[in-house]
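Novice: As annotated in Swiss-Prot:
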BINDING   Trp173, Lys208  (1,4-alpha-D-glucosyl)n binding site
ACT_SITE  Asp429  active site, nucleophile
ACT_SITE  Glu484  active site, proton donor
SITE      Asp553  site 'Transition state stabilizer'
Amino acid sequence: MEINFKVLSKPIRGSFPSFSPKVSSGASRNKICFPSQHSTGLKFGSQERSWDISSTPKSRVRKDERMKHSSAISAVLTDDNSTMAPLEEDVKTENIGLLNLDPTLEPYLDHFRHRMKRYVDQKMLIEKYEGPLEEFAQGYLKFGFNREDGCIVYREWAPAAQEDEVIGDFNGWNGSNHMMEKDQFGVWSIRIPDVDSKPVIPHNSRVKFRFKHGNGVWVDRIPAWIKYATADATKFAAPYDGVYWDPPPSERYHFKYPRPPKPRAPRIYEAHVGMSSSEPRVNSYREFADDVLPRIKANNYNTVQLMAIMEHSYYGSFGYHVTNFFAVSSRYGNPEDLKYLIDKAHSLGLQVLVDVVHSHASNNVTDGLNGFDIGQGSQESYFHAGERGYHKLWDSRLFNYANWEVLRFLLSNLRWWLEEYNFDGFRFDGITSMLYVHHGINMGFTGNYNEYFSEATDVDAVVYLMLANNLIHKIFPDATVIAEDVSGMPGLGRPVSEGGIGFDYRLAMAIPDKWIDYLKNKNDEDWSMKEVTSSLTNRRYTEKCIAYAESHDQSIVGDKTIAFLLMDKEMYSGMSCLTDASPVVDRGIALHKMIHFFTMALGGEGYLNFMGNEFGHPEWIDFPREGNNWSYDKCRRQWNLADSEHLRYKFMNAFDRAMNSLDEKFSFLASGKQIVSSMDDDNKVVVFERGDLVFVFNFHPKNTYEGYKVGCDLPGKYRVALDSDAWEFGGHGRTGHDVDHFTSPEGIPGVPETNFNGRQIPSKCCLLREHVWLITELMNACQKLKITRQTFVVSYYQQPISRRVTRNLKIRYLQISVTLTNACQKLKFTRQTFLVSYYQQPILRRVTRKLKDSLSTNIST
């Protein structure tokens, strides 16, 4: 079958350059075949390079024979007029495996070679002077407060300071007896011996770092590596203080449960601990663990993504203006409480990711990292000097990723969260700001490759992200690392070894924009199935995506959730099950289910939902602030709405649970098979296959179709596996579930095109049908193909592995008899377990030879 590809004439804002298919027509259906994992992309933009690699500044490491592994090593940047050393010839083209996947990147080979060389050189320098990257990323064992040989040792990098001392409750905030010494790398240190075998600084006591400016002014700052910071809750807008956290063994939390296995496809529940209470107050880590985690598990999510964990002095920043990078947010509890939460999640089989903000830092001076910037140059600061060090839209500071101590600080920060708290991975926030020197400000990315690989690329930041992903996966190979990038930079989600940046997943950020646009600006009759489907499939298929219809971004004040866009004020009065649903509520609930399921099923290789949106939480999020009289009323989750038996919120919650259960059962998100067979703008119907499931969506506001035939790839018998119109999901029960549907061959002779009679497809409804596997003359097929049954199964389910198993052969030998489902029901286990036990015998003794023989011979005509 001929496959034609095209580039969207008007790329979606923020969308990924993609392999965008054109439909090729057949006699009985249209079928879209997406490129396989090893397919290449299309050419975007000009082939000419418009950048000069020699303009990128490089870093030089100051060498000294007295350098020791335990000492701090400071990187000194050259000025912006410095030139880059010539590229060495040993960086070969074949080392950039990314170009083999996408040959249209070939014109940018020099760029990839340059950044790969920078990455290799930086890593080699670290290993030369500090040891392996994993040891370099243990800076928290040296910097900040640590116990060493009967002493408390405190170290701080502050090369521009003139004099330093440590102050706190332990010395009455008078540091004259605790002055610090500075080494040649700008690291200040002090050793405070124990007195009577007890630490001089008590556990849970306040501490700060006091230093003198070059102009003679003394200032107090929270230590950069502090592990806990608190503010006086009895005072309004009280400043934060660092806290020395070293609990005795009896007060430490000890993890009891191992990390759960990495899921084949993450189904992520994005959550904010503080606003997770049903009451208008700040919730705690332990309350979240005991009350909210069971809800997440009950809805069959396998991953929790926690926002706002790193300490941030301004609650309303949603946690994205971090002040203390190694400290847990004290609003919700202390470090041991967070460990309890993570351990509880692991006991439920849930992975836990943390939002990590390394793209910028809070502009706060008294309680943030910005307080260490006293006007010095980039060589002596965590941030770029001058205008380059400020993000004018976010009002925040920007890291200098070429600085040695910045690399130590940020890489150590990642290892700290992984090892101290047992997190299972990260979501890197706002990395578009990191990838480009313009930070994405006033940029509308169109997909032209010149936008990604030019002098606008911040290679220092790219190298840091490559180092970060290399480190994370070395420490914890099963970590899940997700990138939030609106630009769609190619290679972001490919391994570092291929020349990529190394993330496991990227967020599909264009999808929610499309839904919001449709809900705000288009009537139901004007929805384009082709346009919506293109938005969901417009991605690089060699890089995995996390799809979502809405996240916390769509929930904040000034915006509206999908449920609120659909039902608005009727959510206050029309959600009772004791009265008939109004047309607005009926439409709203139906489309809420369809939009989220459509996004999940077709939009990526993982799925994300923000806390409360699964049941259509009304209204918006508004953190306490002066403008709302510091109210917490809109900064909570009303779980009682989903729990109430007489409110319609329960229907959306039940459907969300069923969506996730479906992937748990069939693993369609992890399937490489994705075929869109129909995008009917007139009838408002979309039909596609994911794995061995057939999805049918009818977005028409009125039309119900009788005897509607849809295309499918596999012949045989199908039955309904999920129906959004079912009574238990608040629907009208217009589709029967007790009827099996058999395919019938249609189309061009010799081409195995099949259809099954969909009988009825109600309006505003989505149906999912599963293929009922039948055990046929599989042995005969294997004998004719001269392959083993195991080879046949592998080649069939993970196509294409064996080219001998052609589609025609599969169709011919899978005209089947006894249903696998019936067999599983008799044996009382899942189909996957049956396949494993049947084809790799003997694994389960319950599957006896007699039973297998009876199944194989029970052939129905």
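Every residue, even glycine, has its Cβ placed from backbone N, Cα and C.
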Novice: Non-local Cβ contacts of Trp173 ((1,4-alpha-D-glucosyl)n binding site) (under 8 Å, 6 or more apart, same chain)?
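Specialist: In sequence order, the residues whose Cβ lies under 8 Å from that of Trp173 ((1,4-alpha-D-glucosyl)n binding site) (at least 6 apart) are Ile167, Lys208.
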Novice: Which of the listed recorded positions (Asp429, Glu484, Asp553) has the least company, meaning the fewest other Cβ atoms within 10 Å of its Cβ?
Specialist: Asp553
Novice: Helix, strand or coil by DSSP: which one applies to Asp429 (active site, nucleophile)?
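Specialist: Once the DSSP labels are grouped into three classes, Asp429 (active site, nucleophile) ends up as coil.
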Novice: Count the other Cβ atoms sitting within 10 Å of the Cβ of Lys208 ((1,4-alpha-D-glucosyl)n binding site), across every protein chain shown.
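Specialist: Taking all protein chains shown, Lys208 ((1,4-alpha-D-glucosyl)n binding site) has 22 Cβ neighbours within 10 Å.
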Novice: Helix, strand or coil for Lys208 ((1,4-alpha-D-glucosyl)n binding site)? Use DSSP.
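Specialist: The residue in question, Lys208 ((1,4-alpha-D-glucosyl)n binding site), is strand (DSSP, three-state).
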Novice: Fill in the CA-CA distance, Asp553 (site 'Transition state stabilizer') to the residue listed as 'active site, proton donor', as an integer in Å.
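Specialist: Approximately 12 Å lies between the Cα of Asp553 (site 'Transition state stabilizer') and that of the residue listed as 'active site, proton donor'.
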Novice: Express the distance between the Cα positions of Glu484 (active site, proton donor) and Asp429 (active site, nucleophile) as a whole number of Å.
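Specialist: Computed Cα spacing between Glu484 (active site, proton donor) and Asp429 (active site, nucleophile) is 5 Å.
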